[in-house]
Amino acid sequence: MPLKMPHNPLLIGVYPGTFDPVTFGHMDIISRALPLLDKLVIGVAENAGKGPLFSLEERIEILKTEIKSLPNPEEKEISILGFNNLLVQFAETQKARVLVRGLRPVSDFEYEFQMAGTNRKLAPHIETLFLMASEPYQLIASRFVKDVARLGGELSSFVSPEVGIRVREKYN
Ligand code: ADP
């Protein structure tokens, strides 16, 4: 018998990521996911193993500032929370039925395909929703933003001016 989930009238989605730092690509996924959901939880993975440039607290703080300038005409609820447990467990604590992921051409596919399959086995009642990266942002990756900043390059095509300042501060 399939597991019966308690009915939750609100469609809640979790958008998980490292957001080290948040880029225009992430913000595009957030703004496109928002109209599809009643509430969006941005889950900031602690991801200590990845050796993030920004601490979890800094990444959350930066995201909170960026979200303030995001158009949200329907005034949808957005929360930004850190997590360091299994993604599907975090999603369950948030009563989410959807995981939102962005898909950039080619490079993301295999990893995302495996992750969605693993999460489906762990929690079949939670569906992963993929949004294809929008054309202007397809090549943006937090990893490259850090590489460009470290080598003194221009960041304005990838992140907001505020995020650019924060990244540069780290390398100064
Ligand atoms: P992770 O460590 O989980 O890869 P990221 O912060 O790098 O975390 O990315 C979080 C999610 O956002 C992933 O689904 C990733 O594919 C997506 N993403 C990142 N950059 C972009 C972009 N430029 N366009 C669309 N989606 C993106």
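Just so you know, glycine gets a Cβ as well, placed from its N, Cα and C.
Annotated features, as they stand in TrEMBL:
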- Thr18, Phe19, His26, Gly102, Leu103, Arg104, Glu112, Tyr137, Gln138, Leu139, Ile140, Ala141, Ser142, Arg143: ATP binding site (BINDING)
- Thr18, Lys50, Leu87, Arg101: substrate binding site (BINDING)
- 14-142: domain 'Cytidyltransferase-like' (DOMAIN)
- His26: site 'Transition state stabilizer' (SITE)
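When the binding-site residues Thr18, Leu87, Arg101 are checked against ligand 1, Thr18, Arg101 have a Cβ within less than 6 Å of one of its atoms. Mean per-residue pLDDT, taken over the domain 'Cytidyltransferase-like' (14-142), amounts to 96.
Broken down with DSSP, the domain 'Cytidyltransferase-like' (14-142) shows 54 helix, 30 strand, 45 coil. With respect to their backbone Cα atoms, Gln138 (ATP binding site) and Lys50 (substrate binding site) stand 22 Å from each other. Comparing the Cα of Lys50 (substrate binding site) with the Cα of every entry in Thr18, His26, Glu112, Ile140, these being the binding-site residues, the smallest distance points to Thr18. The number of other Cβ atoms within 10 Å of the Cβ belonging to Lys50 (substrate binding site), over all protein chains shown, comes to 12. Reported as a whole number, the C-alpha separation between Leu87 (substrate binding site) and Ile140 (ATP binding site) equals 24 Å. Cβ environment of Leu103 (ATP binding site): Phe109, Glu112, Phe130, Leu131, Met132, Ala133 lie under 8 Å away, each six or more residues apart in the same chain.
Note: the Cα of Thr18 (ATP binding site) and the Cα of Arg101 (substrate binding site) are spaced 12 Å from each other.
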